[in-house]
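**Q** The transmembrane segment feature in TrEMBL is assigned to 9-30, 207-227, 234-252, 290-311, 331-354, 427-454, 475-496, 542-561, 581-603, 615-637.
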Amino acid sequence: LFPRGCTDVICCVFLLLAIVGYVAVGIIAWTHGDPRKVIYPTDSRGEFCGQKGTKNANKPYLFYFNIVKCASPLVLLEFQCPTPQICVEKCPDRYLTYLNAHRSQDFEYYKQFCVPGFQSNKGVAEVLRDGDCPAVLIPSKPLARRCFPAIHAHKGVLMVGNETTYEDGHGSRKNITELVEGAKKANGVLEARQLAMRIFEDYTVSWYWIVIGLVIAMVMSLLFIVLLRFLAGIMVWVMIIMVILVLGYGIFHCYMEYMRLRGEAGSDISLVDLGFQTDLRVYLHLRQTWMAFMIILSILEAVIILLLIFLRKRILIAIALIKEASRAVGYVMCSLLYPLVTFLLLCLCIAYWASTAVFLSTSNEAVYKIFDDGTCQFAGNTCNPETFAASNESRLCPGAHCQFAFYGGESGYHRALLGLQIFNAFMFFWLANFVLALGQVTLAGAFASYYWALHKPDDLPAFPLFSAFGRALRYHTGSLAFGALILAIVQIIRVILESPITSASLSSPLAAENRFAKFLMTCLKCCFWCLEKFIRFLNRNAYIMIAIYGTNFCTSARNAFFLLMRNIIRVAVLDKVTDFLFLLGKLLIVGSVGILAFFFFTHRIRIVQDTAPPLNYYWVPILTVIIGSYLIAHGFFSVYGMCVDTLFLCFCDPGEDLERNDGSQERPYFMSPELRDILLKGSAEEGKRAEVEE
């Protein structure tokens, strides 16, 4: 290739300094963070329930003294119920009041639900006043390691155990609906976590089959690519026909399900009336769901058929270009495995970012606040649980408690946590984009070596992929960092615009009246989305120019942009049509594996009907297989895509091959005769078409 030297050295230095700072942030987070705050529930003293090596190791469940108080608005403000909470070995399984249990044989059982170290040397009134024991025990069941009343419906009547009312421990009886309200508020913060736990359970019983599905997708992708190397024309047409057939079967299946549900009770409920349900299987019992699927697939089928009709001649030229790309891939076969390197590096970036984010989010200190029924003027103030009993607040508010509220802090480090989280996200985007850029430059350099080899394959380097990888790291780390930095800045701005904090500020009463602010925010989101897409497109072509000519990022981006603008017809005809064909290949692989996963996990394949695991949500492994299959197929096809783009830019640049050479024996073209015929034919046809239109 062309002579080169180090480019954008300043950006390389900035990247190294940023990585050093990122490592320092990780060390600080790991020093102060404590992931146990996410895993284990915390009692009123800020101690973890069920953690090994502590006094609560055999007490994995959190017990609420009076769960009715969880209906208080404080639950939403402080994410904590204004009632004492302790760690217990098991949830209560019987009705029992403190008055009845006192001086009876059930008292030893009752004492395990009192505060640790409780001594029965106080009177009943003093114990209940000081909050040493709950006034009443109610049959409960553990949910997300919390004890919630075992409420169930019998003939439309809510009951706990066999009762519709319960004694509150103070001499009066209350309705079960009050328990329901308290349990709902206490459970509100846990519903998402419970959904995550069920999804996790599905993964634990189906991961083996998910891996098999992904392996099938990998084998299909590899087989498709290998066949594309030798039978490009046939494979492209087979791919087109198979995509049409797969979509056609999807339309037929949706129609059959739609007709099967005719007349079934509840199948005519609309999606709007049903609302959001965590169990997505509910939607599959609605006719409207299958109608929506059928309409979407029909539109997709019609669009693909129309595109094939209008692009039939261009598809023939694109197939010839894919054949030439297949020859290049055939000489650099190890390029098909390079996406695995990119995948492993991205996994490292994701793992470091996720672990640092968890440790940063759990590096706060326990904050204790005063909780009361609402009569205490000091309610909500911070307090010290060790000195609260002797404090002035305790004396003025006898019924108040100093208990754990949440994790926070007022030190400089705690105030800087938000900034550190933003820096963590920014560095993740920067490093992830750098890894992707390194992969693109490496593949482009390898395929450019093929193009600029006069006698193919004799003039190719012994290891073109490794040579390109070494050149990228040795000379162009700074340029890759520069392009990744620009994209990371746009992405972090988009994250901030989409963040819950920004959305909450726009949902305030003042902002709700200002429609212009919401309109402006929507325009900003749209503009930055378009900007990110444009920068991705420009960066990709700039990296190809860097791999070919060794110029810096700005020069490469400028040259790539004007080169594409001068050849806009060729870009539209060849480059984008090949992208469309590759997309059909991805859809074929994803659709085939997805249909297989659907029939397997829904127990519709009789041969292996008993082998499929029981699941809470069968859409969890199906979606995982579909998304994973797409990523795998995209990884393999991205090699072909980069090969086509590299050959395309090498051909289009008039400063080298076309202008310096004329195809004679003295000055032969570097491009192969097949590639010259493909591209010159394509541009000639478009030129004639343009003249006719004029």
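From the backbone N, Cα and C atoms, a Cβ is placed for every residue, glycine too.
TrEMBL: automatically predicted annotations, no manual curation.
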**Q** At a C-beta cut-off of under 8 Å, are there same-chain residues at least 6 beyond the transmembrane segment (427-454) that contact it? List them, or none.
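**A** Apart from its flanks, the transmembrane segment (427-454) reaches 1, 15, 18-19, 22, 328, 331-332, 335, 338-339, 341-342, 345-346, 349-350, 352-353, 460-461, 464-465, 467-469, 471-473, 476, 480-481, 483-485, 487-488, 491-492, 539-540, 543-544, 546-548, 639, 642-643, 645-647, 650-651, 668, 670-671.
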**Q** For the transmembrane segment (581-603) and the transmembrane segment (542-561), does the number of C-beta pairs under 8 Å, pairs 6 or more apart in sequence, reach 3 or more?
**A** no
**Q** Any chance you could find the range in 207-227, 290-311, 475-496, 542-561 with the most Cβ pairs under 8 Å to the transmembrane segment (9-30)?
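**A** Counting Cβ pairs under 8 Å, the winner is 475-496.
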**Q** Please figure out which one of 207-227, 290-311, 331-354, 542-561 racks up the most CB pairs under 8 Å against the transmembrane segment (475-496).
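**A** The stretch I would name here is 542-561.
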